[in-house]
Amino acid sequence: MDRTAEERSNVVEELLRENGGWAVIDGGLATELESNGADIRDALWSSKCLFSCPKLIRKVHLDYLEAGASILITASYQATIQGFLSRGFSQEESEALLRKSVELAVEARDIYLQKCPQKRQILIAASVGSYGAYLADGSEYSGDYGECVTLETLKEFHRRRLEVLVEAGPDLIAFETIPNKIETQAYVELLEECKINIPAWFAFSSKDGVNIVSGDSLVECGSIADSCQNCVAIGINCTPPRFIHDLILSMTKITKKPILIYPNSGESYDPEKKEWVQSAGGSAEDFAPFVNIWHEAGASLIGGCCRTSPDTVRAISRALKGGA
């Protein structure tokens, strides 16, 4: 999608106008890849599929488009140059895999639009997961990186990865599951230092409905994101549905930008066993009753995160269209 810098900055607003004030984000990628037979029990998690089964990633993207999603998030959440290098890939190969994550989503969009009788706008959001996601030790769920990890550490870790993803041509960058204030600041500074000319969204995670997972203030972190010129939406992801309503209300107090939410199923992740602990609240039917409540509270971009599926997204789309 060839756009000027000004046009890129308005892609989210355009999408919301086109849809009457709301838009649907896709759902969980890694867990849906597992449901389709992928083995992602690996430190690279879903990004392993970029070299082991890329066509499966494209299939899952297509499943979400057919379920009603208007925003696809790429399979780059846990894809990092450092992670690929540790597995024996060269620098060039590692960067190619990052680009591949965007290319697969673009291919899925093109395939869908070719057979879709009614053309509609679909955005590609290049996922940037936290430093903790790369560590694969559960720190993405605590934000505790230790005293040795500084602002400069994080900026250097993310810098080339961010540049490569932008070069691949997505419509926007999705900073996801942000666990602490220092990484929020690192992203904001990198966008300016790297002269990134596409928009970005910032999505934080919370385990108490008040602060983000590190204990840092959601209001303070959200305000840092809101001050960023590239930031076009702020919100919450990978958070239990029961906390979402109060978090939306908190976000409305600090930003006039679109608020996005894509909660997980409500289950919790055990980083030691590397598995999800079952709990209620994961089905499409469980999500549907809350969608319009969240929208009325101020969320305009709504989807699902871990353990959600195309059925979840289909229910979200149906609810926003008034069919739930």
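These residue numbers are counts, starting from 1, taken along the chain as shown.
Note that Cβ sites are derived from N, Cα and C of the backbone, with glycine treated the same way.
Here's what TrEMBL has on this protein:
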| type | residues | note |
| --- | --- | --- |
| BINDING | Cys238, Cys305, Cys306 | Zn(2+) binding site |
| DOMAIN | 11-320 | domain 'Hcy-binding' |
Per 10 Å Cβ neighbour count, which of the binding-site residues Cys305, Cys306 ranks highest?
Cys305
When a 10 Å sphere is centred on the Cβ of Cys238 (Zn(2+) binding site), how many other Cβ atoms does it contain?
26
Mean pLDDT over the domain 'Hcy-binding' (11-320): what is the value?
92
Determine which residues of this chain, when Cys238, Cys305, Cys306 are set aside, have a Cβ within 8 Å of the centroid of the Zn(2+) site's Cβ atoms, and list them as they appear in the sequence.
Gly28, Thr177, Ser205, Asn237, Thr239, Tyr262, Pro263, Asn264, Ser265, Gly304, Arg307, Thr308
